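Under the heading phosphoserine, Swiss-Prot lists S8, S28, S31, S72. Taken from Swiss-Prot, the feature ubiquitin cross-link applies to K15, K24. Residues annotated as motif 'D-box' in Swiss-Prot: 23-34. If you look up Swiss-Prot, you'll see 72-81 marked as compositional bias 'Basic and acidic residues'.
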Amino acid sequence: MVRTKADSVPGTYRKVVAARAPRKVLGSSTSATNSTSVSSRKAENKYAGGNPVCVRPTPKWQKGIGEFFRLSPKDSEKENQIPEEAGSSGLGKAKRKACPLQPDHTNDEKE
């Protein structure tokens, strides 16, 4: 039971009950036939995707979804990488020395 502000009023008593969604019935041929015909009608009326409240045009710079499927293997390199560095494991490059950080002693002096 959930108590609400209305419970403080004398002489009234309300009980809040959570509702459940109806469950699908499987195995019955008649209900399966009815549910498919009803669901096909619902699918025609429903809006499929996007933002139905504020429809905005697609920007010119945005690629279509088909562009990603039509790319050849040589064009599928990362856009933001330099071609010489793309896919390299770093074996042929000069090794960088690791420079450990010097400990900061400013906090120790204050204590």
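The backbone N, Cα and C atoms fix where each Cβ goes, and this holds for glycine too.
DSSP assigns K24 (ubiquitin cross-link) to coil in the three-state reduction, outside any helix or strand. If you draw a 10 Å sphere around the CB of K24 (ubiquitin cross-link), it holds 8 other CB atoms from the protein chains shown. Note on the motif 'D-box' (23-34): mean pLDDT across this stretch is 57.
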